[in-house]
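Engineer: Have a look at the structure that comes next, please.
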Amino acid sequence: MVAFGKKLKERQIQEWQGFYLNYKLMKKRVKQYAQQMEVGTQDRRHVLKDFSRMLDNQIEKTVLFILEQQGQLASRLTNLREQHDALKETPEISQITELREAYRAVGLDLLKLLYFVEMNAIGLRKILKKFDKRFHYKFTDYYVKTRANHPYSQLQQVFKHVGLGAVVGAISRNLHELQDRQGSYLSIYDPPALPLQDPVVDSIKAAVDRLSHSTNFLNFLAQHALIMQEELPAPTDERIDDERYHFMSLLLNLANTFLYMVNTYIIVPTADDYSMSLGAAATVCGIVIGAMAVAQVFSSVYFSAWSNRSYFRPLVFSSIVLFVGNAMYALAYDMNSLTVLILGRLFCGLGSARAVNRRYISDCVPLKIRMQASAGFVSASALGMACGPALAGVLQTNFKIYKLTFNAVTLPGWVMAVAWLVYLVWLWISFKEPSHDIEEPPASSSETVENGALEEGKQPLLITSEEKQEDDEDPEGDGSEEAPEESRQPATSIVSAYRLLTPSVKVQLLIYFMLKYAMEILLSESSVITTYYFSWSTSTVSIFLACLGLTVLPVNIVVGSYISNMFEDRQILLASEIMVCIGILLSFHMIIPYTIPQYVCSGLIMFVSAEVLEGVNLSLLSRVMSSRLSRGTYNGGLLSTEAGTIARVIADATITLAGYLGESRLLNITLLPSFLICVASIVATCFTYNSLY
């Protein structure tokens, strides 16, 4: 593996090499500043002024070259426009073909220029991040605010590709007109717009999209999936992705995600009734619900490893195991066996293929739609979480077929068993196994960063101090560009993955653990609590849980589209942690009587705040996590999944253990650990991020 600076140099277009931002020079200058400030030969003000001047000069060099290239492209397009107009009078097939090829040639040169802009944008953001990290100073904020919005801003040319849009439009429109559309007078501006089939236009559009990514709802939602993107993509990457991509297979992966979340939460409203029907206490529902999470702790690892070799086989295995598990869950009623009930849920957990779903999106979906697919993954999970309890509320009937009982507690198992059987048939018919590369990817293309690599809508470089740890740090601190190969390899075990976690990453995982613990306590004990205090029916509990689940997407729309553009992520993080803590405090039974408004309002505050917290937390986690945890079996997605799953296991076990002290004490006893963990995460957040400034 090589460090970022060397890789950036290798990816440069050779004939344009003198016009790139000199990342290596700027990196050495940062190191010199640090040494000079240590010995007292430079003060901070002089360093800031000198580095700002250096950045301005570097950006000016690059921007003037971009403008020069834009002028050359515009000149070529003007000449082609004259030829195009002449062809309207005497159209000839051979000349039309030549003209289309000439437009494609301009498109390919434009694509080179877009990659040039993209690599300079990445390099500039990297060096700003390195400067902030070395000097513990918010220089990025200052530099962007003073340069980006200035009327003579050159920064806008790099990060908003001013002027390139006109070139893109000219190429797209003329290629569209030159397509063989007999009898058609439509243009790209006329509705309904006709699809552009030319691969050059598609590649240009994908490159522009990468340059235009902003902190919006789609990108914010996509980061929930912790699916990282290649930092320096090349045109060949997209062609390889297109060869592996299969829409129906992606749809099947999303369907698997949706069904699994439905399967997880469909039993929550009735688990306490099922436990009591088998002679156990109502609070045993914690064990019944948590059994699935216990098995998922182990299934996440072997499914992650299995996805290195195949996607189809683990999905088939998942469907079969889930079919068996749900059938056992339903049959436990007629067998009058709590053991079979719990074993059924364990089998369901052993079929958790979320690692495969996530890996498929990361490996097989083209870059140009990967963010949409990641957002789809999160949306499918959210919808499944809402549909599960809602479906349980509908399944309120009671009948027998032969010796099999179909009622409110068994129907969730039977319905999900049939659903997984239908899914298995669909999977077998429609899934296309992508090719698996045997050779390791080239070293120069393996570094990854967070979703939306060139983002921040209004101010593209406004990044927070919790950014992902630099992969281009000198291994020995000597300014050398190359890092040892073993220091860049993926983690080979959970232990080695844990050793790669920085303090900020550990805090993010603690926060994730906390919010999953609090949410699981709220959801899993909801049926027992509401029955004890309010005598709610199963249908009422189902409606309450479904309403909570339906808040996920609207909350993320608000946060991703508005709040995240108004405040720094670490500010939203701390505020949402405090709101979760307030929601927990309001949930305690301290006032007699315990009322429905108190329970519903406190639960809503806790759940919505936890959803906001999860989005921001995973967004930060995707940036602060080492690139070595973006690949392989023991990746960042697996670590976050394990943290959340273990939290759910402990929460469900807490519910069952607290049940031995009586249902009257259940609420307060289970909320107390949530409160303590929440306070600990707030303290850790304040301590960790304040120490960076």
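First residue shown is number 1, and so on along the chain.
Cβ from N, Cα, C; glycine included.
Copying in the features that TrEMBL gives for the protein in this structure:
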type	residues	note
DOMAIN	2-145	domain 'SPX'
TRANSMEM	247-268	transmembrane segment
TRANSMEM	280-303	transmembrane segment
TRANSMEM	315-332	transmembrane segment
TRANSMEM	377-399	transmembrane segment
TRANSMEM	411-429	transmembrane segment
REGION	460-490	region 'Disordered'
COMPBIAS	468-484	compositional bias 'Acidic residues'
TRANSMEM	540-560	transmembrane segment
TRANSMEM	572-592	transmembrane segment
TRANSMEM	604-621	transmembrane segment
TRANSMEM	666-690	transmembrane segment
Engineer: Would you say the transmembrane segment (377-399) and the transmembrane segment (666-690) are touching, if the rule is that at least three C-beta pairs must lie under 8 angstroms and be 6 or more residues apart?
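Structural biologist: Judged by the Cβ rule, the two regions do not touch, with the required three close pairs absent.
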Engineer: Per DSSP, what is the residue tally for the domain 'SPX' (2-145) in helix, strand and coil?
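Structural biologist: Across the domain 'SPX' (2-145), the residues distribute as 127 helix, 0 strand, 17 coil.
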Engineer: Give the nonlocal contacts of the transmembrane segment (572-592) in its own chain as ranges (CB under 8 Å, at least six residues past its ends).
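Structural biologist: Cβ under 8 Å, 6 or more out: 511, 514-515, 518, 522, 559, 563-564, 598-599, 601-607, 609-610, 612-613, 616-617, 620, 667-668, 671, 674-675, 678-679, 681-682, 685-686.
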Engineer: Give the nonlocal contacts of the transmembrane segment (280-303) in its own chain as ranges (CB under 8 Å, at least six residues past its ends).
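Structural biologist: Here the qualifying positions are 263-264, 267-268, 271-274, 314, 318, 338, 341-342, 345-356, 494, 524-525, 527-528, 531, 633, 638, 641-642, 645-646, 648-649, 651-660, 663, 666.
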Engineer: On the 0 to 100 scale, where does the mean pLDDT of the domain 'SPX' (2-145) fall?
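Structural biologist: For the domain 'SPX' (2-145), the model's average pLDDT rounds to 80.
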Engineer: For the transmembrane segment (411-429), what are the same-chain contacts with Cβ under 8 Å, counting residues 6+ beyond its ends?
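Structural biologist: Same-chain contacts beyond the ends: 252, 255-256, 259, 262-263, 266-267, 270, 312, 315-316, 319-320, 322-323, 326-331, 344, 391-392, 395, 397.
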